[in-house]
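Visitor: Residues or ranges marked as transmembrane segment in TrEMBL: 36-55, 155-178, 198-218, 239-259, 300-323, 351-377, 462-483, 698-730, 750-778, 820-845, 873-896. Among the features that TrEMBL reports, domain 'ABC transmembrane type-1' is placed at 152-374, 702-900.
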Amino acid sequence: MYPDTPIPSPTDENSLVTMLAANPLVRTLRYVLRRLIAILLTILVGVFITVVVANGGGMLDRIAKDQVETQVRQLMWDGIPANEIEARRVQLETAAGVSLPFWPKHMLYTYRALTIDWGNVADQKNFGMFIQASGNQVIKTYDVRTIILSHLNNTLLLSGTAYLVLFLIGIPLALYLSQHEGHWLDRLVAILTPISSVPSWVIGILLVMLFAVQFRIFPVAKMINFPPPSTTWGVILQTAYHMVLPVASIVLSLIFQLVNNWRTFLLIYSEEDYVDLARAKGLTDQAVQTRYVLRPVLPYLLTGLALSLAGFWQFITALEFFFDWPGIGKLYVNALPHFLGESMFQGEISVMISIVVLFAYLLGITVFILDFMYVIVDPRLRLGEEEHHLIPAHMGERGRFQAWFRERLQGFRTLQRTPRPARKEAEPVKIRIDLRVWGENLSQLRDTLSNILHEILRSPGAVVGLSIITLLVLVSIAVTVFLPYKTIGRQWEATAITSKPIRARLALPKWVNWFRRNDLPATLVLDNRQGAGVKTSSQLTAEMTQTQIEFAFDYPYQDFPSDIVVYLTTTYAEKAPFISMTWITPDGREIGLKNVSATRDMIYKFDENVPYQPQLQKYPNWKKWFVTSGNYPTPAYDLLLADPNADQARALPGRYRLRITGTFFEPNGDLDAQLVVFGKVEGWAGTDILRRDLLVPLLWGLPIALVVGGLGAIATTLLSILIAATGAWFGGWVDAFIQHAIEANLILPVLAIGVLFNAYYGFNLWLILGLMVLLNVLGSPTKAFRAAFMQVKNADYIEAARVYGASNARIIRSYLIPRILPVLIPQIVILIPNFFFLEATLAIFNISDPRYPTWGRVIYSALRFGAAYGSEFWVLEPICLMLLTGLSFVLLGFALNRILNPHLKNV
């Protein structure tokens, strides 16, 4: 050792520890490592609980046993002796965890879930996929991990593109709006902000109906056409073409709210003194905006972006299902048991649990990146202990432990009731009602409500929102009073099972004729028993009689009907009658239909009994539009109403007649008939594929949506405000525990877990909604309320209450919570749409209550059946009502937030 080298002393070692503890890099690494461990522990605990619940019915045990049996069969094929096979079976069952006790077995399953190591899928028919092996060889794999990671690439491509567009457009737009307050673009973004309350899959449906179905600019679904292009650039261009609508759905569901929030923060920080000083120093506007405005706002920008991304992962499943995008969301739906109502497919539990774990990883990575970016962009961040209280670095390990213990002990002590000061002996209390004080309080309440109403009337958005909400509430009351569901609901369900329907299938609402030059035909029902037809009978011989019914009706339309049928009711003893029909057009042409031997109750379908070949030979110009082959041939009954002189498909208006002749081969025979010419418009809301009137679920979906939204919003807000007040008041470990619970809830994919519980344990809609309410409590509302409580908990009047001897519960109930009522009321109003949108999202996964026709059930049925038949109104009507209801509450909530929160009136 060199002579000039100083010998380290204990004091130097403490100095070294102090320097390392104060080093920004060390503190950053310590903070990042601590956050990473917390996130991983949260994922571990959440996955363990999910595995335990998922295996409650033995689903995971079944997977392990199937894999063991597969390996045992392979040993038998290899010629292994029977006694050795049994020994190997025991070893395989132990290695697979089947024969292990509860805790070791589920820890092993948790490890397999975290590593996505489930082996091959059980249903190799539906979940196998082709991958490229060495060289140009293509093989089919059934490995769960390979299948899921292949689908993950498609999900990351979709979400990454959407958020890149969102970031590149959103921040420059927010900067521009903050510099041009009051500009028409600024007002437009403010008007469009309520759109962000709508889920991305709802916006996706609207975009598809507009740009894919109507204008046919973009494809309806899929990631790529079949067969795919032969070149790499062709695949890239076609994938980008298919991504336009899903990416636009994601961006539109997020951008307006984020830009409006970012613009608000930028406006607030642009008014700080240091910004004015920077401008006074002569810095350019770009330098001021970049270095003095944008930099301090970056934490808020990143928080908004990360929280929106966390919410996005929860709803990506519904979006990918609708667009048929081959990502992990669509794969999750395919793995659900009985998703389409079938009873054969039992689901692929290994795929479902693996995707839940993958969602947890994605959410955890999102939170971790957010924390890491905080360290980079926010130099004020204290990287020490909670609540930004650093323990002095010069303390030894014992001193650090003592300081830590004292801090935790103080947290426990705060839970104890605040000691009351000594009081004098209480005197008898005289109960007295002071009507004058009551009158003053009522007068103050009336004045407050009058001022709020006055402010609402000054806001156009609030007036529109309040007017729509009032109308919706009145309609809901009228529906429940005048249209009781016990009566109208039974009729609605009975329409689907009737053997003689008189409503058209997938008919449009009749009000569409208000916007058409030529009206679409309405349904026409003629029954001779109700005097609509002329019925005559004659005796042909001693044993034969003949009954003839002739219907006559006016058909003023140029479009063809959707179907024509005749319901025949005949009376005879043994010999079935002979039925012949003749169709007579307005210009006098008689067209004979096919003769039949009638049964007692018979449906005569014109599409099957019109001989079209003779008519096409007689009028060859009809061959230009009449299609006889392919997937969509022209209905044969169109020729009965076609204009003989037209080269295009056009009906001939006028008076038509149908002559029905029944010949009976025994006495006392009789015939009755009902002619139904099904139209293309029906009622005020149209019909579904089961011919049911859509007005019933649309009307009854409204009170259900208001009840679900109202109860969910009130329960969430009240529980959130109570939890936030408790954490802010007690502080210490209580507040830390609540914050950790919120972070854990942010990481866990609660929607996917709820769907999993429904699929395998039969949790009904109301249980899952209740679960969602409880989990939503530990979310952004609690964080917002906590921030408000942290500002008021040290107020003078609260300190006075503590000195007076008020208990902790009384302070929270009577002093803290009433203080933030201006935040509470708008929060309830804004949260209402979230819950009926949640009900609709759950209905997309076939989670609904079959007793009640909700908007979500209508949308699910429309997506399952209607799109293939081209019935846009079936899906558009409930979505439009959802949008109208949701936007009205959001408009009123935003207005109330500005009225009751004075800090937002000028931003």
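Think of each number as a place in line: the chain as shown, counted from 1.
Cβ atoms are placed via backbone N, Cα and C, with glycine included.
Can you tell me where each of these features sits in the structure?
Guide: Residues 61, 106-107, 109-110, 113-114, 349, 352-353, 356-357, 360-361, 364, 367-368, 740, 743-744, 747-748, 753, 756-757, 760-761 of the same chain lie 6+ residues outside the transmembrane segment (36-55) yet bring a C-beta within less than 8 angstroms of a C-beta in it.
Among residues of the same chain six or more beyond the transmembrane segment (300-323), those with a C-beta under 8 A of the stretch's C-beta atoms are 155, 158-159, 163, 166-167, 171, 174, 199-201, 204-205, 208, 221-222, 245-246, 249-250, 254, 258, 261-262, 265, 329-330, 332-333, 359, 362-363, 366-367, 369-370, 373-374, 377, 746, 749-752, 755, 780, 841, 844-845, 863.
Remote same-chain residues near the transmembrane segment (351-377) are listed as 28, 31-32, 35-36, 39-40, 42-43, 46-47, 50-51, 54, 60, 113-114, 116, 118, 121, 127, 144-145, 147-148, 152, 295, 298-299, 302-303, 306, 309-310, 313-314, 328, 331-332, 335-336, 383, 743, 746-749, 752-753, 756, 759 (criterion: CB distance under 8 Å, separation of at least six residues from the stretch ends).
Sequence-distant contacts of the transmembrane segment (462-483) (same chain, at least 6 residues past either end, Cβ-Cβ under 8 Å): 455-456, 696, 699-700, 702-703, 706, 884-885, 887-893, 895-896, 899.
Note on the transmembrane segment (750-778): residues 50, 53-54, 56-57, 59, 314-315, 317, 332, 336-338, 347, 349, 352-353, 355-356, 359, 708, 712, 715-716, 719-720, 723, 738, 741-742, 744, 834-835, 838-839, 841-842, 845, 847-849 of its chain, located 6 or more positions outside it, place their CB under 8 angstroms from a CB of the stretch.
Beyond the transmembrane segment (820-845), the same-chain residues lying 6 or more positions past its ends with a Cβ under 8 Å from any Cβ of the stretch are 197-199, 201-202, 315, 317-318, 321-322, 333, 336, 339, 704-706, 708-714, 716-717, 721, 751, 754-755, 758, 765, 768-769, 772-773, 776, 781, 784-785, 788-789, 792, 854-857, 859-860, 863, 878, 882, 885-887, 889-890, 892-894, 896-897, 900-901.
Residues 193-195, 197-198, 202, 205-206, 209, 452, 456, 459, 461-462, 464-466, 468-469, 472, 506, 508-509, 512, 685-686, 688-689, 694, 697-698, 701-702, 705-706, 709, 825-827, 829-830, 832-833, 836-837, 840, 855-856, 858-859, 861-863, 866-867 of the same chain, all 6+ positions outside the transmembrane segment (873-896), place their C-beta atoms under 8 angstroms from a C-beta of that stretch.
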